[in-house]
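Report on the structure given below.
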């Protein structure tokens, strides 16, 4: 037995040589403690352990339900339903009215019962929120929120899909003892970018059109300040019954990419993708204003912005107009017709039918002057014009359709979403025997000159002028039977349409021969593009170390390494390890994009924002130039060669107009700049026009705007392939020895192989020159365009300077294409002298 004096008495002890005092507290009843039963001790210990385990379980449950990361996926849906046994009243426009709240509560309960009644949806349902009502009888718009574990997504999506297919159903609810008959229930997965908490009323506006008046609204801060960052604003617009809404953006200036800032317009009061009329960003000029139509008396406009680069925003006007009861009619004789409300965007869910009639002895001829419909999806036309049992959609050039007799039916259809500008067409009687007096009648109704028959060109547009021809001695026959000029054989372009003109070719010293016999330029070897068609140009393209050898055909990164990718600069993808191919890419951006250089058409304001008009002071436009930075312009050397009476090399006699659209019409967007210095290429030859390039430095830097932007300069390895479409712009003469253009003109040309041009032109086309145009003539640059840009739109929308207008034999003559200075050949020269 242990002695009691050792149990509880204070005792001094030494630890590590230091005296320490340990105090033991005496028990209140020492003997009772000594005699306690061991079973009681075990019971106490068990209770303590049980309490600890209980506390642990409670803690785990609290962590599980309150602190554990929620890996469920939040899914938001927007939708609407039609309540066919209720009538809309004005009180339902006001979300604070008792009638709104009462009906909203009823519908929300019905939605809860509906979604929780579906096995695949019920466990994940969170809430439904009514946001608005409109007419028809009553349409209720709502948000649906669900949270779904990743492993149950398929089951949930199947449940939503099954429910959305139920078109008509009577829902009974316990709320207010009411019954709702739902004739349509639509639910659509919401774009995460466009989701706003349903109860968040900040930056939300309700507007109602007033008969006979134009209403307006603007983005926040407009016009005094840019719209704020991270905004989510919406404008719900209504019209009176039996009316639709016309929305016109008078000013529209947002960030250029719709991934960041964008406006979306819906044919609905809820942001339902299936009811989206359009999503837009960038800039729209007043001459090409964005005008949209609804299909009924409601419309929703949303503005969503990110945290970077906020822009001026927009100003919009809206009004109501009576809803058209009929679309299409019977038209006789001749005239015109168009998609509904043209040139405004046609409304969703439109169906129109025109019956066109002419004299019994004639046929109907229809010509579509403008044709801008939505592009087909997976080969299917959702919006279309149907004529001669053929559906036409997308963007089409001017085209002619002939009827089979004196009566023709034309149908137009638009689906529920994504509209466009539509079409404008004319019709007239057509007599194949007399309509083309002294001309060749094409099968599609076009009339062309008799000399264009069997010339190797599709002048008719339907190849009818090239069918059944006997090839002349300077032509060859394609495998499909067409006759083509011998000059087009082996030029790198599939002129025949079956590539038979590019087979079994004898390649020049500047070309390589593919395994299939096709000839391609040597610079296209190892550029990661299969130009041969059989892949032989992309074989054996690495050196012994496995890296890409640097050649004149590869792109050199700043770190000294080279890549084979064709035209990698500023294409939106970092191909160089150091990202240098995507540096200095704030160029080639056209804020204004739209649907007379000889044979050209007038450009829209700001469509070519690098175009410069060079004037001799007090004498008007003489040459063109291109903006390449805020201080430097590039032009043609031949513009600055001194004459007997004028010293063109003197910078003081020149003035540059940037942002100009119409000659002699200056506005606040046009910048007039003096020239500080002119640098002409030291090797320029006035006799041959070789090295025809010059740099002009502005006296003071210019501020970029929607109508003034720099064009991208191509790397020395950049390839503008033969056959590529490029655009020339300028205010030069409308025709040879004709008047100069007042409005900036543009024309699309095709790059032609230099060897072909050398067979037709009086002066040699060197390797530093680019040949472009059409051997058939009709489209070309002319006097006054010299020094201007030949622009190439790349696949990502960036625009590069392909050439500089240099020389030609006359203007737009047959077999006399124009010649341009190759921009990529002078990239280092430009960098050396300007730092750009």
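Positions of Cβ are set from backbone N, Cα and C atoms, glycine also.
Feature annotations, courtesy of TrEMBL:
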| type | residues | note |
| --- | --- | --- |
| TRANSMEM | 43-65 | transmembrane segment |
| DOMAIN | 73-192 | domain 'SEA' |
| DOMAIN | 203-321 | domain 'CUB' |
| DOMAIN | 326-430 | domain 'CUB' |
| DISULFID | 442-460 | disulfide bond |
| DISULFID | 454-469 | disulfide bond |
| DISULFID | 471-483 | disulfide bond |
| DISULFID | 478-496 | disulfide bond |
| DISULFID | 490-505 | disulfide bond |
| DISULFID | 507-519 | disulfide bond |
| DISULFID | 514-532 | disulfide bond |
| DISULFID | 526-541 | disulfide bond |
| DISULFID | 550-562 | disulfide bond |
| DISULFID | 570-585 | disulfide bond |
| DOMAIN | 597-835 | domain 'Peptidase S1' |
| ACT_SITE | 638 | active site, charge relay system |
| ACT_SITE | 692 | active site, charge relay system |
| ACT_SITE | 786 | active site, charge relay system |
Which of the listed disulfide-bonded residues (514, 526, 585) has the least company, meaning the fewest other Cβ atoms within 10 Å of its Cβ? 585
Do you know offhand how many angstrom separate residue 541 (disulfide bond) and residue 638 (active site, charge relay system) by C-alpha? 41
What does the structure give for the C-alpha distance between residue 442 (disulfide bond) and residue 505 (disulfide bond)? Integer Å is fine. 34
For residue 786 (active site, charge relay system), identify the closest of the recorded positions 471, 496, 519, 532, 638, judging by Cα separation. 638
Using the alpha carbons only, what distance in Å do you get between residue 496 (disulfide bond) and residue 562 (disulfide bond) once rounded? 37
Express the distance between the Cα positions of residue 550 (disulfide bond) and residue 526 (disulfide bond) as a whole number of Å. 11
Going by DSSP, give the three-state secondary structure for residue 519 (disulfide bond). strand
Close disulfide-bonded residues near residue 519 (disulfide bond), where close means Cα within 10 Å, chosen from 471, 490, 505, 532, 585: 490, 505, 532
Which ones are near residue 692 (active site, charge relay system): of the recorded positions 478, 483, 490, 505, 526, 638, which have a Cα within 10 Å? 638
Sort the residues of the domain 'CUB' (326-430) into helix, strand and coil with DSSP and give the three counts. 0 helix, 55 strand, 50 coil
